[in-house]
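Peer 1: These came from TrEMBL, pasted as-is:
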BINDING   B:Cys364, B:Cys367, B:Cys370, B:Cys413  [4Fe-4S] cluster 1 binding site
BINDING   B:Cys374, B:Cys403, B:Cys406, B:Cys409  [4Fe-4S] cluster 2 binding site
COILED    B:508-561  coiled coil
COMPBIAS  B:686-703  compositional bias 'Low complexity'
DOMAIN    B:354-384  domain '4Fe-4S ferredoxin-type'
DOMAIN    B:394-423  domain '4Fe-4S ferredoxin-type'
REGION    B:682-703  region 'Disordered'
REGION    B:719-738  region 'Disordered'
Amino acid sequence: MNILLTALGVMALLAIVLGAILGFASVRFRVDADPLVDQIDAILPQTQCGQCGHPGCRPYAEAIASGDADINQCPPGGEDGIRKLAELLGVDFKPFDGEAAEPKPKSVARIDETTCIGCTLCIQACPVDAIVGAAKQMHTVIESECTGCELCLAPCPVDCIRMVPLGTSVETWKWRYPVIPIRTIKA
Amino acid sequence: MRQLYRFHGGIHPPEFKDLSNGTPIAQPPLPARLVVPVSQHLGAPAKPCVAVGEAVLKGQVIAGADGRVSAAVHAPSSGRVVAIANADVAHPSGLPQTCISIETDGLDRWVGKTPLPNWQDADNETVRAFLRDMGVVGQGGAVFPTALKLGVSQLDTLIVNGAECEPFISCDDRLMRERAQEIAKGVMIAGTLTCAAEMLIGVEDNKPEAIAALKAACAGTPIEVVSVPTRYPSGGAKQLIRILTGKEVPHGMRSTDFGVQCFNVGTLYSLKRAIVDGEPVISRVVTLTGELERCGNTEVLLGTPIEHLLAWAGVTARCDGVIVGGPMMGFPLGSRAAGVSKAVNCLIARSDTLLPQRPPAMPCIRCGACADACPAELQPMELYWHAKAREFGPAQEANLFDCIECGACSYVCPSQLPLVDFYKFAKDEIWAAERDKKAADLARARHEFRQFRIERDKAEKAERLAARAATPAAAAAPDAAKADAIRAAMAKAAERKASAAPPPTDDAKRAAIEAAMARAAAKKAEQQDADAPPKPVLDDAKRAAIEAAMARAAARKAEQQSAAALEAEAAPAPAAQPVIDDAKRAAIEAAMARAAAKKAAQQGAAVPETEAAPAPAAKPVIDDAKRAAIEAAMARAAARKAEQQSAAALEAEAAPAPAAKPVIDDAKRAAIEAAMARAAAKKAEQQGAAVPEAEAAPAPAAKPVIDDAKRAAIEAAMARAAAKKAEREAQKGQDPQP
């Protein structure tokens, strides 16, 4: 009987102590944001273009994390992006939908400064503040900050913005994948 | 006798050095044109500081160092700058890069030479800045700015790299044989600058003449010339350090962490020329070898087109391509028009007999020969598998970036796999991913800041509104500060929002009519403005541009609508019945407005003092201007609100009405309102197209269509005439000014 009581007492004590530790830990080491969202957000290309149907990359990351969105909605991320997301989330790779926008070569917006009327609409549309200018003053795009999201094209009343593909320079050139040519050998 | 160490691996390829090392360094004729790349070094490309058409002298700076990791570029000969543009360069990509093209005048006139005679007394910083501006960079192949490498002090060992281990190349060999004195001087300078305890020159034992010449030159100095066994790649910096000192530089560390720094002999030669003789780096020794009639070494001016050198050396018929660098680490040249840069040490005219084509690659048989040959003690087959499968993470973990791309593994591979190509591919992919990641981080930071800014502005606005609501008296002071005015405007807009909730249809009509009238008034006002002093001209130009834009947009919209909805085609016409008419008028107006804008702009350019004008309602009528601006803001807000409502309730779409309410005789305000009303009308038009039954609504003059149409047409004609007159007068007003 005594042993039984002791055992019960020890178990109860353990439960209280461990419960207290867990309770403290859940308060002290609480994680506010979903770390998965950050991880997904780190993979997304941050063009903030909205082609996925979400108002920016982070909302899309949140949608993926909560299971509301598929991983194949981000054309600027390309298939590499889908692959990385699939790896992170432990799901299968999924190609782009048939009707989804095609991934395009990286380009930046350029404003035709002779046509620009200084309406500031593109400045308001730019998600990364890459357009400088003021009302009734000429606007211009900071090329190094432009993500190529094309959000400035639609609001322009005079259609003076166009996308210029960046192309490759000596600095961004990449050694191509070595292809070993197959030769036919006469029998 | 110094104790030497052995590095892991290495190979003994056939040398072919006697093709070119028998004759002294020659001087090819001056080319007619020099194509000097601005990026001949690691780091930021130099910034061109000459203009096209400018005459330059030999040794004059034509592009200045840009930032810390950079080096200046100098004119290799005197002449005239004929182009600063993209041109072919000697790069594996074959892509063009910014080059400064100089047409030589054949005189080879020097700019004043500026040596640094008191370099011993000058502090390290001064000497390094001097070297950077003299364009001294590493000539062993990596073209790293030498100034940065001299930033260390208290070296245990300064190693001078004269190994020149790659086959075919003999430029360092000839340089050491013929200019050993100057190299020794350069070594002494570098040793003094880095306070080196010992100075070693490592030379492979297949160059006995060079060793003898250096030994003679270094007699009586603390420099020691060491003969090292011939084994490729003993000329790699880490490998030579290992041979001479026994120190192995581990992954992720630099040789300077172990008190060792390595310089190429050519670099120290150019360093001596810069400091003692005041000559910037404008030439280098290049080996011309292979299928040439005259193989040998030449002192080539930088920027000399490679085709000029080959023509001088005489290419034989067997040659089927040019390799820049050696056969192990070099790359095939894309365009022979490319100029020689500081990195080009050798040009091989190749042929299949000289360098046989690589047999077709076979699968890896996991023999491990590559691992035995690897001087960096990597597992090349592992790197190959990862790179082939595009698994860049594991490749990096297998120390991909320790690979020096020497090509020993490819050389020994029994399956003839192009291993180094795979490593280069993987490295470039990793660098590209790194660049993308940086760009994404920047975009994320900027986007987050933008979100934060928008939120903050909203909060501040709300705060101001609350403060405004607390003190309604402030609204009565239109002459007060601008902030007050804006607040007032917002408050009024808010009031109107409330009142405009059930907007009567009559209002819409009235608004439209008033808008039309206002437009006419605006044109008249323009005329008056034109009579007034030239100030408002630029203003007019801008307004004209805006109107043009709006008109163009209207035309486009009208066109779209007419194509889409045939039966609804009457709807979009605000003043005249047929859509096409409207579109045309809009187009014509646009054209006129554009012309006016251009004229005004020209005048504006001629009379710079008018540039203060763009403030729409300049100084003389501040009160009016402010009021107008306020009204404009209010009207805009109201219009937007109304639009939203009209989407919900169709008959409510005539919202622009509130804008017309206030009775004002100010011409400017009228003009602004007119523009806004037009915009609103256009928006309404859009809606009208969507909902055919609402088609009458956007028509400014409502039911009596024909009457209204006529009147509108007349008005338009009148307005156009008025505008033309105004323009003419404006021009007249401008003319006396210039």
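Each residue, glycine too, has its Cβ placed from N, Cα and C.
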Peer 1: Quick one: Cα separation, B:Cys370 ([4Fe-4S] cluster 1 binding site) versus B:Cys406 ([4Fe-4S] cluster 2 binding site), in Å?
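Peer 2: Per the Cα atoms, B:Cys370 ([4Fe-4S] cluster 1 binding site) and B:Cys406 ([4Fe-4S] cluster 2 binding site) stand 12 Å apart.
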Peer 1: Mean pLDDT for the domain '4Fe-4S ferredoxin-type' (B:394-423), rounded to an integer?
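Peer 2: Over the domain '4Fe-4S ferredoxin-type' (B:394-423), the predicted model scores a mean pLDDT of 95.
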Peer 1: Where's the emptiest Cβ shell within 10 Å among the binding-site residues B:Cys364, B:Cys367, B:Cys374, B:Cys403, B:Cys409?
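Peer 2: Result for the binding-site residues B:Cys364, B:Cys367, B:Cys374, B:Cys403, B:Cys409: minimum number of other Cβ atoms within 10 Å at B:Cys367.
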Peer 1: What are the other residues, in sequence order, whose C-beta lies within 8 angstroms of the center of the C-beta atoms of B:Cys364, B:Cys367, B:Cys370, B:Cys413 at the [4Fe-4S] cluster 1 site?
Peer 2: B:Ile365, B:Arg366, B:Gly368, B:Ala369, B:Pro380, B:Met381, B:Tyr384, B:Cys409, B:Val412, B:Pro414, B:Ser415, B:Leu417, B:Leu419
Peer 1: Note down the number of other Cβ atoms within 10 Å of the Cβ of B:Cys406 ([4Fe-4S] cluster 2 binding site), including every protein chain shown.
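Peer 2: Within a 10 Å radius of the Cβ of B:Cys406 ([4Fe-4S] cluster 2 binding site) lie 25 other Cβ atoms.
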Peer 1: With DSSP helix as H/G/I and strand as E/B, how many residues of the domain '4Fe-4S ferredoxin-type' (B:354-384) fall in helix, strand and coil?
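Peer 2: Its residues divide into 10 helix, 0 strand, 21 coil.
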Peer 1: Setting B:Cys374, B:Cys403, B:Cys406, B:Cys409 aside, what same-chain residues sit with their Cβ within 8 Å of the center of the Cβ atoms that define the [4Fe-4S] cluster 2 site, listed in sequence order?
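Peer 2: Neighbours found: B:Gly9, B:Cys370, B:Ala373, B:Pro375, B:Ala376, B:Leu378, B:Pro380, B:Ile404, B:Glu405, B:Gly407, B:Ala408, B:Leu419, B:Val420, B:Tyr423.
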Peer 1: Give me the long-range Cβ neighbours of B:Cys413 ([4Fe-4S] cluster 1 binding site): same chain, 6+ apart, Cβ under 8 Å, in sequence order.
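Peer 2: Listed in sequence order, they are B:Ala369, B:Cys370, B:Leu419.
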Peer 1: To the nearest Å, how far is the Cα of B:Cys374 ([4Fe-4S] cluster 2 binding site) from the Cα of B:Cys364 ([4Fe-4S] cluster 1 binding site)?
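Peer 2: So the Cα of B:Cys364 ([4Fe-4S] cluster 1 binding site) lies 16 Å away from that of B:Cys374 ([4Fe-4S] cluster 2 binding site).
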Peer 1: Determine how many residues of the domain '4Fe-4S ferredoxin-type' (B:394-423) DSSP places in helix, in strand and in coil.
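Peer 2: Split by secondary structure, the domain '4Fe-4S ferredoxin-type' (B:394-423) comes out as 17 helix, 0 strand, 13 coil.
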Peer 1: Across all chains shown, how many C-beta atoms besides its own are within 10 angstroms of the C-beta of B:Cys370 ([4Fe-4S] cluster 1 binding site)?
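Peer 2: I count 27 other Cβ atoms within 10 Å of it.
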Peer 1: So of all those binding-site residues, B:Cys403, B:Cys406, B:Cys409, which one's Cα sits nearest to B:Cys364 ([4Fe-4S] cluster 1 binding site)?
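Peer 2: Of all the candidates listed, B:Cys409 is nearest in space.
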Peer 1: With B:Cys367 ([4Fe-4S] cluster 1 binding site) as the reference Cα, tell me which of the binding-site residues B:Cys403, B:Cys406, B:Cys409 is the closest one.
Peer 2: B:Cys409
